[in-house]
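Scroll down for the structure; my scribbles are underneath it.
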Amino acid sequence: MENREQEEIEPCVSITIDPNNNKLNVDDFDRICTIGTGSFGRVYLVQHRASEQYFALKKMAIREVVSMRQTEHVHSEKRLLSRLSHPFIVKMYCASWDKYNLYMLFEYLAGGELFSYLRASRTFSNSMARFYAAEIVCALQYLHSKNIAYRDLKPENLMLNKEGHLKMTDFGFAKEVIDRTWTMCGTPEYLAPEVIGNKGHDTAVDWWSLGVLIYEMMIGIPPFRGKTLDEIYEKIILGKLRFTRSFDLFAKDLVKKLLQVDRTQRLGNQKDGAADVMNHKWFTDIDWDDVQNMKLTPPIIPTLYSNGDTGNFDSYDECSDDEIAAPQHELELFEDW
């Protein structure tokens, strides 16, 4: 990348979606390359021919979605994202399907995964961790106001836009929870005790995961680790924490209050909700209006040489386009897609 001359990046042009016909026509886009892979699909960088704007196109094979019993999860992701609008949540523009795949069109987050930056630097400074935690708190406050539990907060699901601000992505596990839900889902090291114990859970699980994330950002590893899932789960249920001497005292206090095994005692899950987290001493210097309005200067400004730069993503082998059509009974599961 050092051999390329840096260009001035033009502001993105908004693609206009007809609110009465927000279906995606895949033929309107040129596929550039793969920027992510999953169990039943890929994410491509694509360019809209008419506007020359770049987007991320998520393509999921219908046969794989059904065989892996992810039908409800993908429906839920599309349904939730279509009604969410927040500066720290990825924007979904539209969706479509054919006899092979489901498609979802997202804004292109050229900065890549927060996970990549954390692994490269091993740890984040106290101020860096606080910046990202503050943006996450704003997003969680918004989601929880709509009774939505995100349920999969981790560095791999947090991406940076070209300015360096954070965006929550991958809403496959997100769910509207009026009372409690019992489905066990998420990443083992980030699961809350009530999920593991199958006691029913709600939005409180996100505050637990935030505690795990802050700890990992500042130490480089999650607080509960083990060689087996049972070992990890046992440590989570016990909830014993170890901190390095250099761990900021206010950050330590916040993490301990977020990682309360008893969900009724967990910060963020009490009467004043997210406001309790926002008012914690670790965030004393944070102006929450500035956070919400993206006025704070991000600690990491992604290196980009053009709007379609993919230098902040891993390289992937491109797969062939030989696809198998889904049978009619599977296609019927997505008639309202």
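Residue numbering: from 1, along the chain as shown.
Placed from the backbone N, Cα and C atoms, the Cβ positions cover glycine too.
For the ATP site, Swiss-Prot lists Ile35, Gly36, Thr37, Gly38, Ser39, Phe40, Gly41, Arg42, Val43; matching the candidates Lys58, Lys78 against that entry yields Lys58. Annotation for Ser39 (ATP binding site): same-chain Cβ neighbours under 8 Å, separated by at least 6 residues, are Glu64, Met68, Gln70. Restricting the average to the domain 'AGC-kinase C-terminal' (284-337) gives a pLDDT of 94.
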